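See structure below.
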Amino acid sequence: MGRIILPLAGLLVLAFLVLTEGMLNPPSPGSADFDTAGAKARLARVIGTEGTPHTVDTEEADAVRARLIEEIKALGYTPRVTDNMACRNGEGWARCARVRNVVFRAGPDGGGAALLSAHYDSVPTGPGAGDAGIGVAALLEIAEQLKGRDLERPVIFLLNEGEEVGLLGAVDFVKNDPDRDDVAFVINMEARGSHGPVMMFQTSSPNAPAVNLFAGQGGFRVSNSVMTDVYEMMPNDTDLTVFLPKGYAGINLAILAGVENYHTSTDNLDVLSERSIAHMGTLATGALEAYLADGLEGSGSKLLFTDILGRGFVTMSPMVGFALIGLGLVAFGYVALWPRGERIVHGLRIEAVPVLAVAAALLAAIVVAFVLKLVRAETSFWIANPVGFRLALYGGALLGCVAALGILPRDTDPIRRGAAGWLFFSLCGAILSYVIGGAGILFAVPLIAGLLALGVAAWKPEIGKWALVGSAAFAVMVWAPMLQMLEWTFSFSPSWVTPVMASVLITLVLMPLAERGVLKMALGTAGGAAFVGMIAAALLPAYTLERPAHLNLTHVTAEGASFVTLYTNDDPAERLAPLSFERGDVPGYGSGLLRAPVDLRTGPEAQVTSGPDGGLVLRTAGADETLLRIPSDAGVTAMTFMGQRFERSEPGGFSFTCIGRACDSAAFEVETNGEAQEWQLFHTVYGLPPEYAAMADALPKTHLPVHRGHRTRTVSLQTVPAEAPSLP
């Protein structure tokens, strides 16, 4: 029996890590507090069942907004619609579009309001059932629940337009909406996928009031302070990014699983999970009810927090977390490195095992990914069937960990071996907490169990080994959701990150069990698991109709020549279209692109003309997007567009994008150094010319346009003297 314990423990940990995704599936709809079927039916009436995109300032968006207003009125509310040209800008750039936000209220007048926010516009490639139809559905259902109630605090409902083109609806709300100063707390609802649990991935800072509110509601919750800290380091933005500088407290809720459907035509009602709709609704309802009952509780401090497989939720102060990690370093270091009668060198040899295990896991992950990329033509071969690749990576990590156990000195005490694993775990916690402050919780919570196990081992040594194994298994439970979140967020890019993290946990479990005589069997089982995963990853389909790859074609006419450029997450490009694509430059447009020359010129072109009042006028010629690039040697100091002024801190270039119908004939002014310059104008229409029909039909059906999708772009140059009026 003793010979199979080590390989069995390794396989159990491996299975747990590989299958965590299923354990994080939210509960089935069934709560009497949230009508999931009603919410989805209402969403279907709003966005339609035809799968039609509805981008900002289009006829399709007008139709969605009209149906949205009808639904709100049917609930008994009186919505108001704001209508403004909204702009967001930074150093040397600005983006603008006409946005129509839909706003209504429940409860008393005045301040201290909760704001429920979701955007109703979509990208040009899909109907946006998840992004952010799931938020629209939840918001409207919550509005129905609140109708007629005597509320202690106001609730403002915001359905904004223009999120997909630069958070412009949120920008307009905080700049212009009459209710903006009444808001105290925001619940923003988003999506970057189509199924899975709803996660709180962003909070206001300091986070204690928002986290206490989220933690206190009970139920199935998935979130941790590592992900919120990592999100703050990423370049991604959502509407909450705009709300937080206004001084609002808030939380951001989103689904992340199913990212392959994000911003594609498969982000539709058929694919959107009812479990996810229900989870979004119950979490948003719980957070709202907690705020309405008690307001924001807690001081202006930071909290560490994490869920335990969605079933439990733990918070603590950073000081407590650091203290637990420090205590782990001292207690486990004493047991592992300085036992009575032995030299410290002996202890250092034991402590080298987890270090070697991490290195071996890193090497195994690199080898697994390298071999699979040799045998697979697809770059992202795991999209449709991630379990095989996950098993191969984690199986390789297990193999590396078992191999590292072979350097253990003979006849070492299992409690000492276990303490060495926990010492390394504590050291990792100290380092990672220094880099990412929120990471401390994922070490501190398991260390509570580990320190208790060490106490049990001191009290009853005969069961100490099993106490340490049990506490290590608890650490796996705490960490497994985090590893799955990283996979959902970064999609195995790079592929070695999660197996390296997993190797620390695997070593923690196996160290107390690592008797020299059982390593051969454990190596065989670990190698077999990795091999099975590699075979599955090598043979299973990379993409399906439901879990597609991404592919965009852009027809470009610039400097008298035309090219088609290709973007895909599935190289090599020659498999994907009847043309031969090579990486190179498109003169006047871009460099390092996959492109092929074509004999097709497109028009019309965008233009800048003189205005009647001495300014300039943008002529978009029916473009969906118009981009104006002014070179840096123009010495631009400021640009004014429809009364909104964008200043540079020092003279330079400027990039201005305007999206939608309202951009045509819009007036603007540019302040420059006064010399004539060649300005570059990009006229962009969503979709391809009719001549591309045969090529589009020849593309793999498992490859879909993403984000802005197929486009037709005409690039022109226009010499513009800086002082208006000067254009002919």
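Quick reminder: no glycine exception, Cβ is built from N, Cα and C everywhere.
As recorded in TrEMBL:
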type	residues	note
DOMAIN	101-284	domain 'Peptidase M28'
TRANSMEM	319-338	transmembrane segment
TRANSMEM	350-375	transmembrane segment
TRANSMEM	387-407	transmembrane segment
TRANSMEM	419-436	transmembrane segment
TRANSMEM	442-459	transmembrane segment
TRANSMEM	466-484	transmembrane segment
TRANSMEM	496-514	transmembrane segment
TRANSMEM	521-543	transmembrane segment
Proximity verdict for the transmembrane segment (521-543) and the transmembrane segment (387-407), three or more C-beta pairs under 8 Å: yes
Of 350-375, 419-436, 442-459, 496-514, whichever stretch has the most CB pairs under 8 A to the transmembrane segment (387-407): 350-375
Same-chain residues near the transmembrane segment (319-338), Cβ under 8 Å, at least 6 residues beyond its ends: 304, 344, 347-348, 350-351, 415-416, 419-420, 422-423, 425-427, 429-430, 433, 440-441, 443-444, 447-448, 450-451, 454
Positions on the same chain near the transmembrane segment (350-375), where near means CB under 8 A and six or more residues out: 336-337, 381, 389, 392-393, 396-397, 399-401, 403-405, 407-409, 412, 416-417, 420-421, 423-425, 495-496, 499-500, 502-504, 506-508, 511, 514, 530, 533-534, 537-538
Averaged pLDDT, computed only over the residues in the domain 'Peptidase M28' (101-284): 96
